[in-house]
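Colleague: A single structure is presented below for examination.
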Amino acid sequence: HSSGSQVGTVVERLIVGMSIPDPFLNKVHSLQILLDLTQTRSGKFPEQVEEIYLASPEGNPYTWWVGKANEKHYYWGGSGPGIQKCACGIERNCTDPKYYCNCDADYKQWRKDSGMLSYKEHLPVSQVVVGDLDRAGSEAKVSVGPVRCQGDRNYWNAASFVTSSSYLHFSTFQGETSADISFYFKTSASDGVFLENLGNTDFIKLELKSATEVSFSFDVGNGPVEIVVRSPNPLNDDQWHRVNAERNVKQASLQVDQLPLEVRKAPTEGHTRLELYSQLYVGAAGGQRGFLGCIRSLRMNGVTLDLEERAKVTPGVKPGCSGHCTSYGMYCANGGKCVEKYNGYSCDCSRTAYDGPFCIKDVGAFFEEGMWLRYNFHSPGTSVKDLVSRTLLSSADPEITAPDLSLNKEELSFSFSTTKSPCVLLYVSSYTPDFMAVLVNPNGNLQIRYNLGGTKEPYNIDIDHRNMANGQPHTVNVTRNGRDIVLQLDHYPPTSYSLPATSDIQFNSPKALFLGKVIEIGKIDQDIYKYNTPGFTGCLSRVQFNQIAPLKAALRPTNASSHVHIQGELVESNCGASPLTIPPMSAATDPWHLDSASADFPYNGQAIGDGVNRNSAIIGGVIAVVIFTILCTLVFLIRYMFRHKGTYHTNEAKGAESAESADAAIMNNDPNFTETIDESKKEWLI
């Protein structure tokens, strides 16, 4: 690296980016990356003010690297955190003793700074940012070596406890006269039992008593003993913490991380043997609140317990510490980041234009006529020094910074609905004549307009076969990478376009983003100026330009809210932002559109008198048939119910009509009576 411009000026920056998956890093406890920076010829002028670029004990250099959690680091290979020096600065053998890196010497010969980055908490390297490169005769080379990892299975033998009642059980702990227990834990819960083993009266237990307290308690027959380590910082910060507990016949001790060791002397007289009979429980036991989180590398008297293997067959416990995001992270939609929790997960939507538990809720607003929103890409009053310390809009930092920066690619997406045309949907201005605009022309067609320089007229992409001002929600996605542009409208297939060969491919010095109307100082494209009056009326939602979500910044309190200026009252609405692939039926062919006198109904039958068409006649006929059927059924039921009306039945004996009397009729009809008479006619001689 070499210098050659005035202090505080950055002409161009080189960003080297990498990506390493987090699950891979979870299996590593030692990490090294070789970082190599090499410099060649200097463009230094005699009158130049001297500058420090790679390292300086004071102030922020113009070159840094970005590590874990998107934090910037100013130390280099062979050095360590907080030391803004290269390896030669540590060893005091730099090319120029006035500097702390060889590349800062600004010699015309190649100079090199290299070494291993081995502080694991800052790795991996995701970006290297090199500033001040745009000077004649100045060259630089940057190389980032591979990640070298070391680890062992026991060190990462871990289990995740996902419910407060889940636990693992092992054979009884044999620690009669001495116990040496160590493990790592991480949790977001405020309390829980790590492990416990019981006897008749004896016991041993380790637990998280509160967010800042770890307790080691036991009883060998002399009464319970408890040792507590109190941390000044919360221990439930979802970071790894180490616990080491020891007990012997002389004393017991407990240490958490690098906090002071707590020691308790054993009584000179009394019991010394710890007699345990139950199984060893890791997690909840005995009705106590269990541990929620991860435990790894659990060693008891030098033996590592196989937590992973036991967790495979235990409900409520999962092997390893990969967590829920491995299985369910896909449900965090639209670029939302999955955040681990030990009884589930959540989605971080802060870098998206969406909201809600799964980043699928649209954030939008209704714009009345004359309303507009402006998002400034850098905060008002930001100093040049502060601007230099930030990265581009397209990086992880959601802010565009210095006016002398440029974009080689953009990603734009939003949804809108309107019935008015022409209008300006979105406009990105710059400190130069460069601009980008998304418009609806007087015919209701969508137009994408780019002006990056190099051409006499702006480059236009016209979607002239669809009416966008039809009141329906539409989704627009525009991606530019260099000269290539990809446009996707609603659910239709993406279409590719290309900037003219003479066009520049850099969007120079982006300044602000406008929604609804353009209120900008300086010359504005004539067509855009015409479309700017009276302004956009309708709904805009899920607007995102690279890492910026201007509507969300306006409607949700965020760090970026100070960048937003609004003219008018912004009313939140999601605009029903589900795009239609098939355009709605026109009024001329819509049979339910009553305002159209020339509507052609899809039935060609003749009209029926009194204005009733064939549809009505058919419906009336069906109703008549149904009524007739009901009446017939009622008549049949009535006749059936009253079929014996006017008649009666008697039990008068048959033959009563020809009998002389009632008694005779009975005798003629009853066979028993007849038989009795026949028998009485017989005579018997005695």
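Each residue, glycine too, has its Cβ placed from N, Cα and C.
Any TrEMBL annotation is an automated prediction that lacks curation.
Sharing the features that TrEMBL gives for it:
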- 157-321: domain 'Laminin G' (DOMAIN)
- Cys294-Cys321: disulfide bond (DISULFID)
- 322-360: domain 'EGF-like' (DOMAIN)
- 389-575: domain 'Laminin G' (DOMAIN)
- 617-638: transmembrane segment (TRANSMEM)
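Structural setting of the listed features?
Modeller: Cys321 (disulfide bond) counts 22 other C-beta atoms within 10 Å of its own C-beta, drawing on all protein chains shown.
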Colleague: Can you check how the pLDDT averages out over the domain 'EGF-like' (322-360)?
Modeller: 82
Colleague: Provide the number of Cβ atoms within 10 Å of the Cβ of Cys294 (disulfide bond), excluding the reference atom itself.
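Modeller: I get 24 for this one.
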Colleague: Same chain, outside the domain 'EGF-like' (322-360) by at least 6, Cβ under 8 Å from its Cβ: which residues?
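Modeller: For the domain 'EGF-like' (322-360), the nonlocal Cβ contacts are 23, 26, 160-163, 187-189, 238, 292-294, 398, 413-414, 542-544, 547, 549, 551-552, 556, 558.
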